[in-house]
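Trainee: Copied straight from TrEMBL:
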type	residues	note
DOMAIN	18-156	domain 'Glycosyltransferase 2-like'
DOMAIN	273-394	domain 'DUF2062'
TRANSMEM	226-244	transmembrane segment
TRANSMEM	278-303	transmembrane segment
TRANSMEM	315-341	transmembrane segment
TRANSMEM	365-391	transmembrane segment
Amino acid sequence: MAAIQPTYHELFEAHKCCVIIPTYNNGGTLLAVIAQVQTYTKNIIVVNDGATDQTAAILHDLPGIQLVSYAPNRGKGWALRQGFKKALQQGYDFAITLDADGQHFAEDLPVFLERLERGERNSLIVGARNLQQENMPGKNTFANKFSNFWFYVETFQKMPDTQSGYRLYPLHRMRKMRFVCRKYEFEIEVLVRCAWKGIHIDWVPVKVYYPPPGERVSHFRPFRDFSRISVLNTVLVLIAFLYIHPRNFLIYFSKKDNWKKIWQDEMLRPNESNMRKALSAGVGVCIGILPIWGLQMLTAILVSTLFKLNKGITFLCCHISFPPMIPFVIFGSFLMGRIWVKGGTDLLFSKGLTLQTVRENLLQYITGSITLALLAGTLTTLIIYLVLAVFRKQAGANA
């Protein structure tokens, strides 16, 4: 006898999953959106974000929903945060968010449930839209590419659509997280910070409907919202390169197996020449020593992309200035600086290495660090080239 497949209502209950619908002045589409969602689940939380149209009247005594309502309007981010709070209070482990303007289709809800059925309980799943379809606003396509780029810089993860509001959130992993943003930029903040927390970020394809320009309702204010998004990305990039990426680097390379993996996957990979790999390593070491503290990783990514180097090797080698090595790099820089600065200081560890010492001898440090960077980069290139010439030849002979 064939097994009886559970209904979608049963799956929502089994996974403790709800649907959150934030709304602000979507009176023309809200009721239809709720009705469509109700064909899949009764676990619905509607957040009335201070609407001034007929939304309150529509939701008054509407059966089958849990309502969160407040005034005045606070923004989509705040509405989602209140929806998450309500969902956690009700004991839900997951929440699927979709917009109330009718652009998202409830028939795509099973796509998210399928991921839960596959055991992906620690993933934030984004419903990626087809950005080339009819009536898609041109500004949306540009904004999404812009957002995707900064998401990659901040997390080193690629996503096709980081601005879609159709998402599955693992609330049980976000219980103790505290957020700052309250407007549109919240959906960027939550995505980046969940990635930093170790929550797996993935995507599924979903359909989307954009009405013709004359029928479209949008609360996005280009100048204000884009300015807030730009400020947020600036802050996130600084945090990423000053803390998150160095932290992840140290965690990754504290595991012995990862060294072997990099050697096999990057250094011995046959589709690149020995010279390109050696140059990638040399450039990485050079950038890591240059006096651009806090910007080495970003510079390594940009330079390796511009000159088509091996990004993994360049990024790895730019970490030569990680904390245990910093005193040696600074000492070597001062030593090299004496070549260019007449009467340069004889900086020794026995005399103390302080920020005050560096400030008083800044010219010597800068000229010396550039010299050291060029020498170390050149030497690294030569050594790596010779090592690869031997090891890759042996690997080819043993194949």
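Using N, Cα and C of the backbone, Cβ positions are placed for all residues, glycine too.
TrEMBL annotations: computationally assigned, not manually curated.
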Trainee: What average pLDDT does the predicted model assign to the domain 'DUF2062' (273-394)?
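Mentor: When the pLDDT values over the domain 'DUF2062' (273-394) are averaged, the result is 84.
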Trainee: Determine how many residues of the domain 'DUF2062' (273-394) DSSP places in helix, in strand and in coil.
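Mentor: Split by secondary structure, the domain 'DUF2062' (273-394) comes out as 95 helix, 0 strand, 27 coil.
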Trainee: Can you count helix, strand and coil residues in the domain 'Glycosyltransferase 2-like' (18-156) using DSSP?
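Mentor: Residue counts for the domain 'Glycosyltransferase 2-like' (18-156) by secondary structure: 58 helix, 28 strand, 53 coil.
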